[in-house]
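Look at TrEMBL and you will find B:12-41, B:61-83, B:90-106, B:112-133, B:145-165, B:204-224, B:254-274, B:280-299, B:306-328, B:334-353 tagged as transmembrane segment.
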Amino acid sequence: MDLFDTLLIPVLASTLRLSVPLIFTALAGLYAERSGVFDIGLEGKMLFGAFAAATAAAYTGSAWAGLGAAILTSVLISLLHGFASITQRGNQIISGVAINFIASGLTVLLGNAWFGQGGRTPQLPNTARFTEITLPFVDQIRPIPVIGPIYASVISGHNLLVYLALLAVPFTWWVLFRTRFGLRLRAVGENPGAVDTAGVSVAWLRYRALICGGILGGFAGTYLSIAQSAAFIREMSAGKGYIALAALVFAKWKPVNVLGACLLFGLLDAVSIQMQGKRLPVIGEVPVQFIQALPYVLTVILLAGFIGKAIPPKAGGVPYVKER
Amino acid sequence: MSAPFGQLPRWVDYGLLPFINLVVAFLVSGLVVLFIGASPLEAINYMVTGALGSGEGLGFTLYYATSFIFTGLSVAVAFHCGLFNIGGEGQVYVGGLGVALVALALDRIMPWYVTAPLAAAAGFAFGAAWALVPAWLQAKRGSHIVITTIMFNFIAASLMVYLLVNVMKQPGSMSPQTRLFESGALLPRLGFLFSPLGLDLGTAPLNVSFFLALASGFLVWVLVWRTRFGYEIRTIGANPTAAAYAGIRYGRTVVITMLISGGLAGLMALNVLLGDHGKLQIEFPSGAGFVGIAVALMGRSHPVGIVLAAILFGILYQGGAELAFWVPNITREMIVLIQGLVILFAGALEYMFRPALVRLFAPRGAAVLRPA
């Protein structure tokens with residue numbers, strides 16, 4: 001029971017916290033890629049979002065203003081990606097790479113110019129952040145064995161964005177698989193010609209998919225800078241956009257699987273933090289780097305076709321040219 | 001990469017268009033400089049003087065350029081085959097392992113001219129090996145090489161941190177790095193070539209691998225445009241289906257092309273480890289693998305263009321460091337931003353100004369083809 005309280009509960013709670021940016025970002029990628037636009041620029045979107053959220057929250061003192069600014073910025077970046085890859089029919093991967101570079105350069109440059117702290121934004125007070133929420137009945141449920149601690153320490157006590165991330169998964173599933181927009185979005189990722197023939201604008205659909213992704217990217221950035229921490233720090237996305245990309249592939253481009261993949265990768269992250277310098281029975285000390293590399297290794301193994309087959313949307317990466 | 005439409009004179013396609021894209025990228029960078037309250041003209045002045053104004057500056061510029069030639073060629077070779085090798089960073093990193101292993105084994109018993117070729121071969125082999133799995137997955141399993149090479153960048157980072165922290169670290173040292181290489185593994189610097197010109201390279205680490213970079217450029221040109229295999233590479237890049245009809249083996253060509261690409265990236269480690277650092281340390285590639293993408297795009301995947309683009313990026317890196325030192329509001333990230341804008345305008349938006357140029361320059365009487 002002791003191990004349950006001191007190890008399992010904290011690991012599960014931190015799994016959830018570490019998964020949230022991955023869930024938002026992987027869902028952002030899901031909208032884009034399901035519509036046939038590759039989005040390597042997820043990392044940059046998250047970084048821009050984090051910077052915008054922290055900056056707006058620092059100036060206004062409002063977390064909601066931060067969220068709004070993050071969403072706006074991230075959507076603008078998505079539109080830039082759309083302009084390059086949909087309107088100009090440029091290479092989608094190159095455009096994404098460019099966005100990542102611009103994000104890691106511009107955020108530090110602007111942050112340094114505005115706040116003079118080497119790219120950091122000022123430390124935010126709790127009133128300008130999304131802080132932990134305690135769910136109702138925690139005190140009543142806590143004494144119950146097993147369920148009690150799980151409810152009190154794993155499910156309760158997170159900030160609002162954590163719960164929004166969990167809600168975003170079924171919502172995305174509903175949008176993609178139960179609405180007309182979602183049907184068309186998936187169709188345009190598989191066979192844009194057919195959608196065009198049906199009289200629906202391929203470009204506008206893909207733009208809308210990218211805007212959805214931009215909104216989610218804003219949430220991811222907000223979570224990083226003003227919910228999980230209290231300031232923007234240079235390069236704070238630290239490769240999470242790429243892990244989210246891996247999770248998206250690992251989830252075979254399906255919303256519910258995305259949740260599973262992100263929780264798995266979050267768990268690996270949480271475990272690697274817990275394992276630092278500890279020894280396991282039988283195996284001995286597992287190198288932290290091994291656990292950190294595991295999400296990428298698993299994704300490669302999946303891509304090799306050893307755990308099922310990941311089939312990307314058929315029209316992914318191909319700019320649509322209307323027949324003349 | 002997608003073929004352009006509409007007839008344009010070659011000098012417009014290969015000279016004017018990239019030039020316009022570059023100018024736009026720099027104009028936007030200038031606007032950012034203006035926006036954060038500094039003077040763009042002053043910034044350019046600091047950069048150019050810092051990069052070219054002294055022997056030492058020039059030496060650093062060419063030292064950076066050497067690295068970027070290798071990674072630029074790496075990206076370009078893969079481009080010709082229609083492959084986007086985004087894994088240069090990881091291939092450089094693992095290539096560094098090969099270079100360091102040879103250096104650590106031979107530096108006390110061999111002179112540099114024995115160690116360096118073997119180290120180069122090991123760097124090439126290790127870099128190529130790191131590209132093998134993504135190449136094989138692309139060729140045989142159809143998994144997208146962009147995704148797999150990204151994954152391999154992160155796997156390389158974890159692997160190298162593990163090796164440097166747990167295996168290769170010098171006993172008693174706190175920082176994760178190998179022992180310093182001794183003189184048998186250090187490349188001669190090129191100061192003696194510049195002193196007759198009255199230029200003092202000072203501490204600049206420009207070394208003989210600069211010539212290896214130029215030679216690699218020549219060999220890539222021969223390979224891509226003067227050999228049967230190069231023809232196969234370009235055919236697959238232009239049209240994989242037609243290549244299959246012509247009897248070109250897709251899998252074999254993709255794998256060999258990626259091995260060459262990874263190997264060229266691995267060679268970059270020679271310049272940095274044996275030419276400058278004198279040890280293998282954590283995160284030594286520091287983004288040069290990604291700079292290769294910008295260099296290849298700007299150089300239009302041609303070795304001559306790549307050498308010129310690499311020198312330009314060398315100027316950016318060296319000049320950018322000077323700029324960040326002298327202007328308080330500007331940090332080193334200015335270089336990253338400029339790089340991103342160059343990739344955006346010279347890469348993703350590469351044909352944005354083309355329709356306008358077609359209207360200006362299309363030969364009279366020739367039908368102006370629209371994208372079909």
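Here the Cβ of each residue, glycine as well, is placed from N, Cα and C on the backbone.
Values in this document were obtained by computation on a predicted structure and should not be read as measured data.
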Whether the transmembrane segment (B:204-224) meets the transmembrane segment (B:61-83): three or more C-beta pairs under 8 angstroms: yes
Leading contact stretch, B:61-83, B:90-106, B:112-133, B:145-165, B:306-328 vs the transmembrane segment (B:254-274) - CB distance under 8 Å: B:112-133
Outside the transmembrane segment (B:61-83), six or more residues from its ends: residues with CB under 8 Å to it: 1, 51-52, 91-92, 138, 145, 204-207, 209-210, 213-214, 216-217, 220, 223-224, 230, 233-234, 236-238, 240, 253-254, 257-258, 260-265, 267-268, 271-272, 275-276, 288-289, 291-293, 295-296, 299, 301-303, 306-307, 309-311, 313-315, 317-319
Paired segments the transmembrane segment (B:90-106) and the transmembrane segment (B:112-133) in contact, 3+ CB pairs under 8 A: yes
Other parts of the chain folded back onto the transmembrane segment (B:12-41), taken as Cβ under 8 Å at six or more residues beyond its ends: 4, 298, 300, 302, 305, 327, 329-330, 334, 337-338, 341-342, 344-346, 349-350, 352-354, 357, 361
Intrachain neighbours beyond the transmembrane segment (B:145-165), with Cβ under 8 angstroms and 6 or more residues off its ends: 83-87, 89-91, 93-94, 96-97, 130-131, 133-135, 137-138, 176-178, 258, 280-283, 289
